[in-house]
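Chemist: Pasting a structure below so you can have a look.
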Amino acid sequence: MAEESRVPSSVSVTVAHDLLLAGHRYLDVRTPEEFSQGHACGAINVPYMNRGASGMSKNPDFLEQVSSHFGQSDNIIVGCQSGGRSIKATTDLLHAGFTGVKDIVGGYSAWAKNGLPTKA
């Protein structure tokens, strides 16, 4: 049973927006460059991957950085650009003991496409 709780739960962008309005917090795991081009209102940016000279690599300080913004029992919705990084980030957070995390299907691309509130 405990193993099942480590399987990420995913929600649509419309459900994610409703959760945000209900008090959940938005963790945007895109790069700072992507985040600066537009993000969901109120989102906190902690990159899951860093862009370096040799391409993208996992942020070794991701869990520590997330922990500086969120508690392990906080309700968090996790998004990236299209869903690939956020599902991995959500899985890592669950394995690290975060209990209220949900992945956003389609990420920021789907969020913006659905006309949900954004900020540049």
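Positions of Cβ are set from backbone N, Cα and C atoms, glycine also.
Under the heading domain 'Rhodanese', Swiss-Prot lists 20-120, citing sequence analysis as support. The active site, cysteine persulfide intermediate feature in Swiss-Prot is assigned to Cys80. Annotation comment: Swiss-Prot describes Arg85 as substrate binding site, evidence class similarity to another entry.
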Chemist: Using a 10 Å radius around each Cβ and all protein chains in view, which of these recorded positions has the most neighbours: Cys80, Arg85?
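Modeler: Its Cβ has the most other Cβ atoms within 10 Å: Cys80.
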Chemist: Per DSSP, what is the residue tally for the domain 'Rhodanese' (20-120) in helix, strand and coil?
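Modeler: Tallying H, G and I as helix, E and B as strand, the rest coil: 32 helix, 28 strand, 41 coil.
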Chemist: Averaged over the whole of the domain 'Rhodanese' (20-120), what is the pLDDT?
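Modeler: Averaged over the domain 'Rhodanese' (20-120), the predicted model reaches a pLDDT of 96.
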